[in-house]
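K.L.:
So TrEMBL has the following annotated:
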{"type": "TRANSMEM", "residues": "12-32", "note": "transmembrane segment"}
{"type": "TRANSMEM", "residues": "44-61", "note": "transmembrane segment"}
{"type": "TRANSMEM", "residues": "67-86", "note": "transmembrane segment"}
{"type": "TRANSMEM", "residues": "146-164", "note": "transmembrane segment"}
{"type": "TRANSMEM", "residues": "185-203", "note": "transmembrane segment"}
{"type": "TRANSMEM", "residues": "232-254", "note": "transmembrane segment"}
{"type": "TRANSMEM", "residues": "260-278", "note": "transmembrane segment"}
């Protein structure tokens, strides 16, 4: 039975609003990398964003969400560019380029974090919240975080809508997109900005470890119900947002449950159910095969 006291409490509404906005937008933006067969790019960029957060703190000695977001976007964009360059200009496969980028950038972030913990120059600055960007801690988000998430979500979705036609062609046939005059470099730039923005604001909620799941799982779930692009986008946003609210509710009711991981668990359950019972799921395919 639903606990209406919790559902109407300020803390729940604040956290649920933030996670809902983030997960819904992440479901839409993450569909690009999933449908293009580059799902783990989000994982690599998420890990690469952490040293940017620490560097921003080292330079400005504050934990302002906007400043940390800019730091995360800086190293995230650098990682994205490096991945594309290595993939195009070397013999390394994409998965190898992703692995190298993920481990090296995240390792750099941990080194920087260790450095500021033991350096007297940063002793007077509040560094406690930096660890939250590794594992996520949605319980500590403030109104300023929600405002930033709202702005980023709206801007990312507007950018997606503005380039909807180009993105659709680019995802399914990049060569054809080039032949009809679409600038693929521009498409990569647009996708990078949207993905990096969502990752940047999402790190505090779910952390670098789980941020990729927020981008990947809703689209995987959606593709089990439809193969039409616009329907997949809507379903990804729906499953992402619904999982966020349900996960936030359960983590609020049961003490000791972290919000970010609980949201991912709910998303995974939706994905597993869809994988079996969805219109394109295992059960439906088995029934179709049995007819012949």
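Backbone N, Cα and C define each Cβ position, glycine as well.
Note: TrEMBL annotation is automatic and uncurated.
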K.L.:
Ranking 44-61, 146-164, 185-203, 232-254 by Cβ pairs under 8 Å to the transmembrane segment (12-32), which is first?
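P.N.:
If we count Cβ pairs closer than 8 Å to the transmembrane segment (12-32), 232-254 scores highest.
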K.L.:
Restricting to CB pairs under 8 Å, which listed stretch, 44-61, 67-86, 146-164, 185-203, 260-278, is in contact most with the transmembrane segment (232-254)?
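P.N.:
Looking at each of 44-61, 67-86, 146-164, 185-203, 260-278 in turn, the most contacts to the transmembrane segment (232-254) are made by 260-278.
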K.L.:
For the transmembrane segment (67-86), what are the same-chain contacts with Cβ under 8 Å, counting residues 6+ beyond its ends?
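P.N.:
For the transmembrane segment (67-86), the sequence-distant neighbours (Cβ-Cβ under 8 Å, at least 6 residues beyond its ends) are 41, 44-46, 48-57, 59-60, 92, 94, 97-98, 100-101, 105, 133, 148, 152, 188, 192, 195-197, 199-201, 203.
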